[in-house]
Amino acid sequence: MTGGKSSTHCPSQTCVERSPPSLLPTTPGFAALTMNTNSFPVEFIEDAKIDLNTRYLFIAITVFAFAEALHCLPLEISLIWARKWNLGKVLYLLARYLVFVELIGPAPFISLSPNLSVSQCQWVFVFGAILTVVEVTVAEAILFLRVYAIGGTDRRLGAFLLTIFVGIHSAAYALLFKFITSIVYAPSPYPELIPCYTFKAEAHLLSVAFILLLVSELAILVITIWLCFSKHKSTKSPLIATFSRDGLIYFLLLSAVSAGNIICNLVAPLGYIYMLTVPQMVLHSTLSTRMVLHVRKLGPGVHGSKGEVPLRTLERNGTTHSFQSMRFAAAPPSQVRSKNTSHSGTTVPDTLSDVTV
């Protein structure tokens with residue numbers, strides 16, 4: 001979401017505020033006039049430049065999102081659409097396609113529609129913010145469930161992960177609600193340049209929400225590494241390698257954009273408050289759905305099944321453990337691969353449980 005921001009802080013240093021639009025010069029018939037920067041307040045010129053940069057980034061990330069979706073479409077058709085419905089499939093489709101509702105709806109609408117009223121700006125922003133946070137929540141649910149699957153669907157681990165997930169995201173939702181209610185829009189003096197003019201907002205609330213997301217991503221990484229080394233250290237399965245590799249790459253990328261959002265809210269020019277919000281949403285969508293496709297592409301179809309393959313046991317050092325609740329989606333026959341067995345006798349199936357995907 002974009003819009004002009006303040007260049008001065010409130011006395012309490014907790015919110016962003018600027019001069020009321022009524023104090024800024026207005027120009028009747030502005031759209032028909034030749035653009036003369038000398039007639040603009042310096043503050044507004046800077047706001048317009050920042051808004052333009054934000055639009056360029058939005059266009060770039062939108063092109064990336066559509067290109068990435070088209071690139072993955074063949075795999076998605078064979079590995080997702082052709083499979084039976086389950087929790088993983090629902091989460092995948094939400095993570096994949098909610099992002100496009102935002103990209104073709106609220107985000108461009110609030111940036112490119114010069115005739116929006118103050119109330120319309122508020123409602124469009126609220127709708128876009130809700131879409132963004134729901135998209136990120138669904139994507140993180142996939143990542144948390146992936147960790148749950150690596151841990152063998154252990155109930156204690158599941159309860160721990162659920163506590164972290166619900167706690168962090170509940171707090172993030174509460175902060176988002178407080179942030180949204182703190183935003184005050186005013187009529188834009190130059191709606192052709194900045195349709196929605198943000199007069200005041202408690203930007204620090206948004207930075208805390210991004211800090212919570214960073215903590216969530218760090219928790220996912222730490223638990224993934226611990227499980228891979230404690231439970232699957234001697235395993236040479238492509239599945240575990242994929243978990244480890246993707247977990248590290250996803251953490252680095254998502255942490256980088258989360259840190260960028262925190263910086264934008266704390267020290268960057270105030271016009272960049274929302275600059276990385278949409279990129280973070282797109283990255284969450286891209287990385288979580290690619291993780292699903294990577295794992296399903298590995299196989300296994302080890303039992304020659306065309307549907308879903310039940311995982312009954314996991315042998316480790318001569319011990320057999322039962323996992324009756326886990327079911328694994330088989331890859332198409334052309335992508336079937338055999339199971340991989342480590343030197344220690346650990347047999348690991350090469351696919352991800354329906355608990356996740």
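Each residue, glycine too, has its Cβ placed from N, Cα and C.
Just so you know, TrEMBL annotations are computer predictions that nobody has curated.
Since this is a predicted model, take the numbers as computed values, not measurements.
Sequence annotations record features per position, and here TrEMBL assigns compositional bias 'Polar residues' to 1-16, 335-357. The domain 'DUF6533' feature in TrEMBL is assigned to 56-101. What TrEMBL records for 1-22, 330-357 is region 'Disordered'. For 56-81, 93-111, 123-145, 157-185, 205-229, 250-275, the entry in TrEMBL reads transmembrane segment.
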Residues in the domain 'DUF6533' (56-101) grouped by DSSP into helix, strand and remaining coil: 41 helix, 0 strand, 5 coil
Beyond the flanks of the transmembrane segment (93-111) by 6 or more, those residues with Cβ under 8 Å of it: 1-3, 51, 54-55, 58, 62, 65-66, 69, 76, 80, 121, 124-125, 127-128, 131-132, 134-135, 138-139, 142, 195-196, 278, 281-282, 284-285, 288-289
For the transmembrane segment (205-229), sequence-distant contacts whose Cβ falls under 8 Å of one of its Cβ atoms, 6 or more beyond its ends: 136, 140, 143-144, 146-147, 150-151, 161, 164-165, 168-169, 171-172, 175-176, 178-179, 182, 240, 243-244, 247-248, 250-251, 254-255, 258-259, 261-262, 265-266, 273, 280
